[in-house]
Amino acid sequence: MSVISYLIPISLVLGGLGLWGFVYTLRSNQYEDPDGDARRILSDEWDDHPRP
Amino acid sequence: MTAVDPDYLRHQTAVCPGCAAGPTEPVKDAPTEARLAISLPTIHCQACISAVERGLNAVPGVRDARVNLTLKRALIEAEPEMRAADLIPVCEGLGYEAHELDLTALSATEADKAGRDLLLRLAVAGFASMNVMLLSISVWSGATDATRDMFHWISAAITFPAILYAAQPFFKNAWSALRVRRLNMDVPIVLALVLALVTSLWETTLSGEHAYFDAALTLTFFLLAGRYLDHRTRAVARSAAEELTALEVPRALRLRDGVEEEVAVSDLREGDMVLVRPGGRMPVDGEVVSGHSELDRSLLTGETLPVATAPGDVVSAGEVNLTGPLTLRATAVGEETSLHRLADLVAIAESGRSRYTSLADRAAKLYAPGVHILSALAFLGWYLFTFDMRTALNIAAAVLIITCPCALGLAVPAVTTAASGRLFRAGLLVKHATALERLAEVDTVVFDKTGTLTEGQPELVNLDQIPEQDLAVAAALAAGSAHPLAQAIAKAARAANVAPAAVADLREVPGFGVEGHWQGHRVRLGRASWLGAPISRQTMTWLDLGSGAPRGFGFVDALRPGAAETVAALKASGKSVLLISGDSAPAVQDLAERLGLTDWQAEAVPQDKSARVQALSEAGHKVLMVGDGLNDTAALAAAHVSISPASALDAARVASDIVLLGRDLTPIHAACGVAQKATRRIRENFRIATLYNVIAVPLAVAGLATPLIAALAMSTSSITVSLNALRLR
């Protein structure tokens, strides 16, 4: 049963990472324009380097 | 505003300029950059985004331009002296329709803080409940002794901070209700959460078997989901409504020592000289100092026919100048204008609306005390039966958790979200939370005439009686005027493939008509009195080819698309349909006959309209009012539920529960059907939730409920309710 002492912290950390990721995307306004973001991937405008 | 397109004006710009045009702008000291917004209704793909962004970024002075496809809008950061008016031609040059948006009217959309806050809490509750559920399942599968205790302790460590953060909206609402000695839906929720946490912690310290940590978290998660859906629906409607308001930018041309300057309407003062170009709306109440023109007063009074105006006449804010430039001396500005005073009538009538209690409130009124009494009785019964505080408290908590209004909290928002989404796609914007429920009860529909059933745009009717040559000359003359009747002639000529004749020296005589020279004769197109023609009851304009025998052009007000079908469909579904208008009796009678309406009333002043609606309501009818003008606002607010078209004045749109976005009226009848279906679904959902309670509550009271049963009952009922709502899409 000692494996639980690894597994529980691991599951918590992984879940926490997911939560942190969600909070990050929410804080950086990534849900403002879902339609536009879905289309922008088709553009080759900033393929070489990210938009300054 | 230089381009004169009355059609555009009626359908796109619809803010009442008299309402001081939004909040007064804060004093800015030397702005370092300008933020501009442009509405781009026709963009739809990646190529559009790239083209607009590249085009705008190439304009000198633009620092950054970004297109938001979801909102169909471009946001631009530019040098402080940049104006949106400079960028509109750029977008139009690229082939996209573009309109300036007033950013001050869009402020609330920009940062949807409340929605983001709810989403964050929802995420925390979801994360925590998944983790705790994992541990709980191990316990239910048979973990015992030290393992079970450890799992319970870890669950407690996750649950307490998570609930403290995520359930804050419920704590706040419950507290504000309790402070004024009231009960709302949040009081039993908070009580259930607190009781569940306290008993579970107590059980855990005593190495007990039953802990409800997972139930408390799932409860929070489902309830937050309901709140978020509710907020989202409301936010979408609000942002669309704001966009309509932002489309008319409140600016006016002020004349100072003969020099024109563009200023915000809120900066105008009494005594200022204001220039209103043809096609422009009066920003203030005032007196005409110079210029002759005609005014479209349909939004204020419901009159279709333009009214002539000359120096010395008094004009009111909200009227549209049609033919010649006018200079006004402002006599009342901002909140002093008659437009604003009329709009204030709405606030008085509005109070009638708040008397409606929604289905959810009615359910809560039955539910909240019922649950408290039930769990108190369970506690008392078990305490008297066993004299064991722990068992009694445990059972009381189980009763509260199982009856907790998960499904109730989702029952209404899930349905209204689905229904509002469906109606939005059909072109209807549901602004008010209980609008759908009220719409479902409607049995009487009252229509306004001008601008609602009709376009407010005249249509030539006696085309077949007019020789082609006359039409060609009339079309040439009509091209020189922005007057609605002239526009109608030009449109009819284009439709009949008649090319305008070669008329020279076109000159508009404001207030009378247009004249010019054709084949050596002086030709005139204009009002009867100017050409010496007989005055008739029908809307007419006259053409004189120099012979002294004028030829008449007759007009009727064109029906809005779908008007006849909508009226027929509403009547077929057993509703009585009325027409009440401020226009003259012949015009109203004519329209009523065209639509097959028997019940109509003409020359109604605003008070008549609202009085009639109130009389109908007192007679027990549920009235749907559809109207667009300022003269309708009181009636819109007094009605059980109200709809206004997007072309309506801002005041009318604010007073109504639902806004019709397109020009077609047919969604109105469809909306009644959707509303009835939605209400049926809400009732079904309440029944489903009750059914689960009827099964689970006896188990809980009998002390047989385990955390597993609680979790199952709660999740299944919530999911069933949501799926039932989805059937509406």
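The backbone N, Cα and C atoms fix where each Cβ goes, and this holds for glycine too.
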Annotated transmembrane segment segment (source TrEMBL; candidates B:183-204, B:469-490): B:183-204
For the domain 'HMA' (B:34-99), the number of residues DSSP places in helix, strand and coil: 22 helix, 20 strand, 24 coil
Paired segments the transmembrane segment (B:391-415) and the transmembrane segment (B:183-204) in contact, 3+ CB pairs under 8 A: yes
Winner by Cβ pairs under 8 Å against the transmembrane segment (B:183-204), considering only B:118-139, B:151-171, B:366-385, B:690-714: B:151-171
